[in-house]
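Peer 1: This is the structure I have questions about; it appears just below.
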Amino acid sequence: MSHGAQGMNAWLVQRISAIYIALFLIYLLLILAIDPFLSFDGWQEWMASPLQTITFSLFFIALLLHAWVGIRDVILDYIHPTLLRLLMLTLLMALLLGEAVWVFKILLGAG
């Protein structure tokens, strides 16, 4: 695969994830405006729905992919020493994977 195609894939991931994030936030704001959950039990009941678990899972996948592409590009553009760049990318990947495990543990515990 050429370098240009990789850049195009990153560009596409960034745009698609941004669209999903924006649509999800609009959906969430509308839900909260229509029926605000004022208790823990209300939130827990709402999050127990498989539809909510799926939409929140997709949101966090999109958010983590969006963060990976954006921060990775900044690291690649502005950190020039190879070892430091590799270290930063490795730390970023570990951080995002840790966040993914944490989020999905919470989401699967809610259902």
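Keep in mind that glycine also has a Cβ here, set from the backbone N, Cα and C atoms.
Taken from TrEMBL, the feature transmembrane segment applies to 12-34, 54-71, 83-104. Annotation comment: TrEMBL describes HIS66 as heme binding site. Per TrEMBL, the feature ubiquinone binding site maps to TYR78.
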Peer 1: Where HIS66 (heme binding site) and the residue listed as 'ubiquinone binding site' are concerned, what is their Cα separation in Å, rounded?
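Peer 2: Computed Cα spacing between HIS66 (heme binding site) and the residue listed as 'ubiquinone binding site' is 18 Å.
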Peer 1: For TYR78 (ubiquinone binding site), just count the other CB atoms lying within 10 A of its CB, please.
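Peer 2: There are 9 of them.
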Peer 1: Residue list, the transmembrane segment (12-34) vs rest of chain: Cβ under 8 Å, 6 or more residues beyond ends.
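Peer 2: Residues packing against the transmembrane segment (12-34) from afar: 55, 58-59, 62-63, 65-66, 69-70.
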Peer 1: With every protein chain in view, what's the tally of Cβ atoms within 10 Å of the Cβ of HIS66 (heme binding site), excluding that atom itself?
Peer 2: 18
